[in-house]
Ligand SMILES: Nc1ncnc2c1ncn2[C@@H]1O[C@H](COP(=O)(O)OP(=O)(O)OP(=O)(O)O)[C@@H](O)[C@H]1O
Ligand SMILES: [Mg+2]
């Protein structure tokens, strides 16, 4: 790894490369240990099972790049499934349901962004409030799991998009990949995206440089709210139910994916591709554990914990050596 | 020219901070096509006036007329859009972004909302070339020195086709060549009718470039004068309210009462940093380091303090070989280093003056043995007085001090350690004439008391005034070591630098 540092690759790519290497290593190790692991469908299944997490983590990446955090995403996902289920059962057309859910997500995100920016409330606190609010709203709607029987939603759940050979993915994966693509474009090719990086690099300087910091901060929380709602819809496709207990602790998975992907929690540095790899690694750990069969699913948490620790140390080392 | 209508007219500006009146009924008139200097001691209110003007702080009272129309700016962005482009006192850029982005972000060339990266790099390189800078514009800004960052900030300000250009101490880390370059650009802008508001503590620069000046003292306007009608002596008297004669007392340096060699570096070097050099520092000696930006001055200091690892050579201290691998080790050997970039490597803005000052002393004692509060107060009080830190309140947060006063706090932190070797990297950056003289006097006193000092400054006069011996650096090489006798002048130093030490 030390051979990689220095002149060969710019240091900013190093965390992402480490993550990519780790993913490959896990995949190869899994392949040599377990029968039937070494196939493209295993990777695709990771995508299929984690499409909603990927979308949520994309929103989280925007927020973390500005140096903020969004703890509300898990509850927002649950709220989205809940609202979708209730409205569908009330006979709303699916398109209207999707639009309303996305608007609610974006609106709540914007609200938290306003609290953070205009009232100068710590993002941790503001989104913690949002987390309780959204979870609470779920229970005011209903305490039980609400099944979804709408044909559009069930079609989305059951359609297999063939990729040639025996391989297939779900429509949700297509949506998630599209979200990643759009987000990467926005972050790297648009003024808004660069201002996100600038704000995370040094908010005070960004303001003095005449950048629209306020708009950018509101923007990232809106995006995160929107992505949570979209993630909630994907989860509703996947589970075919709305439930207030869906996605408990998802915010932590999303943060973990972003950090494992090499994005600095202090903001200003990181890549979306890292987030994708982070989600894949989290998914692959679960796959390994299910292949092993004898391990309880708590091992997932233990591995994630160890990985997170290792990556945060790595970030320290890298940013510490930056002169 | 004086008959022209002012492009900028501030009237009756007042600004209070909790416990401090930063500005009190200040007027300022800037004409198109003039360079207007804003003068005053550290803490006089210059930066505050600029921040009120550009929408960083709201004014408590007063009006701002731009082109005879009243304006109020809610943010720096508003001011920029109205045609006021500003370089604030501290370098305010994003270290994580590339140089090109720092020059152009917010004004990137775009097509259908998409940033044209190639055009952007080209334009940034052009802007920098106007300032005679040839940088890798794709590299992150954090790779570059403070001086280069300052130039990049200036390039950014020039990018805006502004009618009013505000420069708050743009030259504080620049050397002569770059200042000349900047002045050339300023003159061109001036011919185009741009009004420039300029702050500097270098009086020579002000007299070279400014047409008129407004003097502030303790947040009040002392008056405005055409530069030609006010001598430097009068100017200083108006700024500090007493005579310069009192300050210029620093006479010829007595020869160092050298008792013995303190530190000897033999072939010390670092690949990519500085080529191997040998340097002897004796007790009670002030060794100056002169050289252009990037010549390796700071690298020498960092090696001697263990902030960088030497890849060759050895160091002896009191004749004993030592390995200065880390700053902690250097500190146990009583070596102290006051770094150049107070924002990045030095002060903690959210702690008080007292806490910042005792930090290094506390670190050396170990955190399990807190310094008694009373002792802290005594120590800090002494240095607040010695360095004239204002406001003289040890419990003030450092972030609320003016730039020059922050620098004094940093200096106090290292002076308080009473080190045997004190390394000062640009210690008087952003410090006003009065305080600068105080600091020079303090350094002289300390060295008379036996402390060795390694003194780095872009200001050659200052180096000459204080040093017993001057090391000249060029292109990361120590090219000469000159004793400071009567024959050594700034001209000789500049020639040595220019000729590469071959003369
Ligand atoms: N945010 C703040 N809160 C409280 N006091 C402040 C704040 N900003 C500035 N001050 C105070 O206002 C006064 C004027 O500060 P200002 O920065 O304008 O000085 P300056 O003339 O620019 O000095 P320098 O030459 O050192 O840069 C100082 O006494 C300073 O301590
Ligand atoms: Mg100032």
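The backbone N, Cα and C atoms fix where each Cβ goes, glycine too.
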Transmembrane segment per TrEMBL - which of A:148-167, A:168-187, A:188-207: A:168-187
Closest-packing stretch to the transmembrane segment (A:272-292), where packing means Cβ pairs under 8 Å, from A:12-30, A:42-65, A:168-187, A:298-318: A:42-65
Stretch contact, the transmembrane segment (A:71-88) with the transmembrane segment (A:218-239), Cβ-Cβ under 8 Å, 3+ pairs: yes
CB contact flag for the transmembrane segment (A:298-318) and the transmembrane segment (A:12-30), at least three pairs under 8 A: yes
Two-stretch contact, the transmembrane segment (A:95-119) and the transmembrane segment (A:218-239), at least three Cβ pairs under 8 Å: yes
